[in-house]
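Going by TrEMBL, these are the annotated features:
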- 10-123: domain 'Ig-like' (DOMAIN)
- 127-222: domain 'Link' (DOMAIN)
- C173-C194: disulfide bond (DISULFID)
- 227-319: domain 'Link' (DOMAIN)
- C272-C293: disulfide bond (DISULFID)
Amino acid sequence: MFNGKDDTGAVIVQTAPGKVVTHRGGTITLPCRYHHEPEDIDPNRIRIKWTKVSDAFQFEDVFVALGRQQKAFGSYQERVSLEQAGPGDASVIIHNITLEDYGRYECEVTNDMEDDTGFVNLDLEGVVFPYYPPSGRYKLNYHQAEEVCREQDAILASHPQLHKAWLEGLDWCNAGWLEDGSVQYPISHPRDQCGRKDSPPGVRNYGYRHKDDERYDAFCFTSNLNGRVYFLKRFKKVNYLEAVKACQRDGAFIAKVGQLYAAWKIQLLDRCEAGWVEDGSIRYPIVNPRARCGGPDPGVRNLGFPDKKFRLYGVYCFRKNTDIQSTQTPTETTSKMANSTRSI
């Protein structure tokens, strides 16, 4: 900890320990404060830079400020601004949080030649779900896994997200890609066909795999919905194309798999009726398990990918909210500051 005796112009940055948590569509403050010795430094000479850091140590510019000049980059444009809560405040506010905003951020404060950095971890409330395409199990390389998650309103999950899902009971015997390029799977109930019955529960890890050549399933992550998923009440069951058109006639779209999972986890959608979803699979969400509804555990039941033309089922639709403000109730979360890095 800085002892206050250095008079070399040192900058000391403090950020939030642990993590800050919000949801997709929310608003969050990434806390960062600084002070310098001596304290009579022209604030216009202080440069504040925020960068997103990936697990592969890739850096994405988020925001930079020098005096009154401020600039946000890429997808953060028009969404990021300084909090400006007084002298020494380098915190930024991010509006309309996206799934891609999840991750680790670096706050760097520079005073001429002296600088210091701190880190803030941004977490999202949401749900992890395993996914494989209609072509079958273990068909996806890393890049294809990224794409199928995006197509289902999700992103590849991180290891912390998968670990949390395992703690909450996720048990899945097929290995899947995670966003860092590793391949893992969560086992709550050890059994011989899933890495030996006498091995302890946990998240099995195959390590980092070749992103182009090796093929597995995917673990996807999604968060809060700006809309509502519902089972479309109809007098007769329909094939896939008829299901798509039925949702459109109802002013909605056929629901994506990620949207159905989010509705199950966050909106507590509970429906013991099988229905089409966007990828051509048949699923239904169960919050309160009961007889003849697919087993003793809550979850989204998956009946596979039937013939789209001849098999008849109900359909799950997604209707987007027209009043964004009413569903994005901004949630700001900050944490108590702590010295995070060295003093210079």
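Each residue, glycine too, has its Cβ placed from N, Cα and C.
Values in this document were obtained by computation on a predicted structure and should not be read as measured data.
C173 (disulfide bond) counts 14 other C-beta atoms within 10 Å of its own C-beta, drawing on all protein chains shown. Between C173 (disulfide bond) and C293 (disulfide bond), the C-alpha separation comes to 21 Å.
Here the Cβ of C272 (disulfide bond) has 16 other Cβ atoms within 10 Å, regardless of which shown protein chain they belong to. A Cα-Cα distance of 29 Å separates C272 (disulfide bond) from C194 (disulfide bond).
In this structure, the CA atom of C194 (disulfide bond) is 25 Å away from the CA atom of C293 (disulfide bond).
Around the Cβ of C194 (disulfide bond), the number of neighbouring Cβ atoms within 10 Å comes to 17. Taking all protein chains in view, 16 other C-beta atoms sit within 10 angstroms of the C-beta of C293 (disulfide bond).
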